[in-house]
């Protein structure tokens, strides 16, 4: 099948999905599965393989995020119901003021994003975003948008995240220099993202009922309702902070051990297990069960109800995220990304813009930032021969920032951010998609300026 035909099929699929969700008000989970099925058949994937491809897409995403979203949601619900999120928000609001609090939380997200994967870190910070927004009496989008933006920037540009690490190997870039330059460029990108988010947030966006319940601006279900006694004596700032920092520190320890310890070290496997996001969040949840619930006089039944009340909202996020993975997998298997990349490679572009444009096109066409970065690295692996070490790093970063832009409905991260921030699909495209594209272009332009200097 020709490249043009594949691109038309992919474009028609995206348009159909937008019409189903925005105009026809079809549930995103159902719409994503339906469009994925139709695109798979139209793109020529054998009928007997379509089901396997869709299941692989669902499993590939849910295998990594289901447990994390579930545990993170329960931990966040316990912190929120105890009054801990508001306690933390009140403390920092008194110390910094509302405007500085947004900047401070964004800065914290930058450091959190270096060792922790984007989806894990954002899920951990979600209850804090709700708490700060509630205290400031503003939309959680004002906190969540710059926080998510800087975390995704670090995720695509800075080792030890998989995209930049794998691309460095393909493009012969030194990991040390990639880390240093990646962090250095991510800082001004984050600053631009912070102010871009402020401009985007000048408009008011409607929040979903689930997020309104989290903010206690809509009646919650009986199971998830907060008893007044739970918040009369909220936990202190130190306790709440520790419950957030502990899983992050454990994950960091696992990441550092994998980087510094030899593969044969007897403790490496144990440290990697403990440092996995799943185990780290389980440890934090057990601590919250003891410190926020049992020690504060909550009954076992009440504690169980609170933890259980987090799961319906988490289930929606999980299902829609998984369906987004299905759509992305179908687009990958259809060959649309590869065909597009090969077509762009035949156009005589300078090396740095080629790395960015190919990666951005792959990101927009099939959804996964990591796949976009890796594919670009593979396509350009021979083109970087003869470059000096810093130039190899800059080509790698150009590909990474291409993978940052254009996060939309075929990206599972789009659904995580929009669902947690209570955005509709249309508003998600106006906010999150616009912000990631601004961040991607900003990162590339700074990288190009550095290239010109050296």
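For all residues, glycine too, the Cβ spot is worked out from N, Cα and C.
As annotated by Swiss-Prot, transmembrane segment applies to 2-22 (among others). Sequence-distant contacts of the transmembrane segment (2-22) (same chain, at least 6 residues past either end, Cβ-Cβ under 8 Å): 28, 31-32, 34-36, 38-39, 42-43, 327, 331, 334-336, 339-340, 342-343, 365, 408-410, 424-426.
When pLDDT is averaged over the topological domain 'Cytoplasmic' (23-27), the result is 87. Residues annotated as topological domain 'Cytoplasmic' in Swiss-Prot, with sequence analysis given as evidence: 23-27 (among others).
Beyond its flanks by at least six residues, the transmembrane segment (28-48) meets 1, 6, 9-10, 12-13, 16-17, 20-21, 54, 57, 319-320, 323-324, 326-327, 329-331, 333-336, 409, 415, 425 of its own chain at Cβ-Cβ distances under 8 Å. Annotated transmembrane segment per Swiss-Prot: 28-48 (among others), in sequence order.
Per Swiss-Prot, the feature topological domain 'Periplasmic' maps to 49-52 (among others). Long-range neighbours of the topological domain 'Periplasmic' (49-52) within the same chain, counting only residues 6 or more positions beyond its ends whose Cβ lies under 8 Å from a Cβ of the stretch, are 37, 40-41.
Positions annotated as transmembrane segment by Swiss-Prot, on the basis of sequence analysis: 53-73 (among others).
According to Swiss-Prot, the topological domain 'Cytoplasmic' annotation covers 74-108 (among others), on the basis of sequence analysis. Sequence-distant contacts of the topological domain 'Cytoplasmic' (74-108) (same chain, six or more residues past either end, CB-CB distance under 8 Å): 123-132, 134-136, 138, 142-143, 146-147, 150, 190, 194, 214, 224, 226, 230-231, 234-237, 239-241, 243-244, 281, 284-285, 288-289, 292-293, 296, 303, 306-307, 309-311, 314.
For 109-129 (among others), the entry in Swiss-Prot reads transmembrane segment. Tertiary proximity for the transmembrane segment (109-129) is limited to same-chain residues at least six positions away from its ends with a CB under 8 Å from its CB atoms, namely 64-65, 68-69, 72-73, 75-77, 79-80, 85, 88-89, 140, 143-144, 146-148, 150-155, 158, 160-161, 183, 186-187, 190, 244, 247-248, 251-252, 255-256, 277, 281, 412-413, 416-417, 420-421.
Sequence-distant contacts of the topological domain 'Periplasmic' (130-137), counting only residues of its own chain at least 6 positions beyond either end whose CB sits under 8 Å from a CB of the stretch, comprise 76, 79-80, 84-90, 92-93, 98, 101-102, 105, 143-144, 211, 214-216. Summarising the annotation, Swiss-Prot assigns topological domain 'Periplasmic' to 130-137 (among others) and lists sequence analysis as the type of evidence.
Residues or ranges marked as transmembrane segment in Swiss-Prot (evidence: sequence analysis): 138-158 (among others).
Annotated topological domain 'Cytoplasmic' per Swiss-Prot: 159-174 (among others), in sequence order, evidence recorded as sequence analysis. Note on the topological domain 'Cytoplasmic' (159-174): residues 115, 117, 182, 255, 258-259, 369-370, 373-374, 376-378, 380-381, 384-385, 389, 392-393, 395-397, 399-400, 403 of its chain, located 6 or more positions outside it, place their CB under 8 angstroms from a CB of the stretch.
Marked as transmembrane segment by Swiss-Prot on the basis of sequence analysis: 175-195 (among others). Note on the transmembrane segment (175-195): residues 102-103, 106, 110, 114, 146, 149-150, 153-154, 157-159, 164-165, 168, 389-390, 393-394, 396-397, 400-401, 435, 438-439, 442-443, 446-447, 450 of its chain, located 6 or more positions outside it, place their CB under 8 angstroms from a CB of the stretch.
Sequence annotations record features per position, and here Swiss-Prot assigns topological domain 'Periplasmic' to 196-235 (among others).
Per Swiss-Prot, transmembrane segment is recorded for 236-256 (among others), and the stated evidence type is sequence analysis.
Annotated topological domain 'Cytoplasmic' per Swiss-Prot: 257-273 (among others), in sequence order, evidence recorded as sequence analysis. Long-range contacts of the topological domain 'Cytoplasmic' (257-273) within its own chain (CB-CB distance under 8 A, at least 6 residues past either end) are made by residues 160, 279.
Feature annotation from Swiss-Prot assigns transmembrane segment to 274-294 (among others).
Annotation source Swiss-Prot lists topological domain 'Periplasmic' at 295-305 (among others).
The stretch from 236-256, 274-294, 306-326, 342-362, 384-404 with the most CB pairs below 8 A to the transmembrane segment (138-158) is 384-404.
By the Cβ criterion (under 8 Å, sequence separation of 6 or more), the transmembrane segment (53-73) is in contact with the transmembrane segment (306-326), since 3+ such pairs are found. Residues 34 of the same chain lie 6+ residues outside the topological domain 'Cytoplasmic' (23-27) yet bring a C-beta within less than 8 angstroms of a C-beta in it. Cβ atoms under 8 Å from those of the transmembrane segment (342-362) belong to residues 3, 371-373, 375-376, 379-380, 383-384, 394-396, 398-403, 405-406, 440, 444, 447-448, 451 of the same chain, restricted to positions at least 6 beyond its ends.
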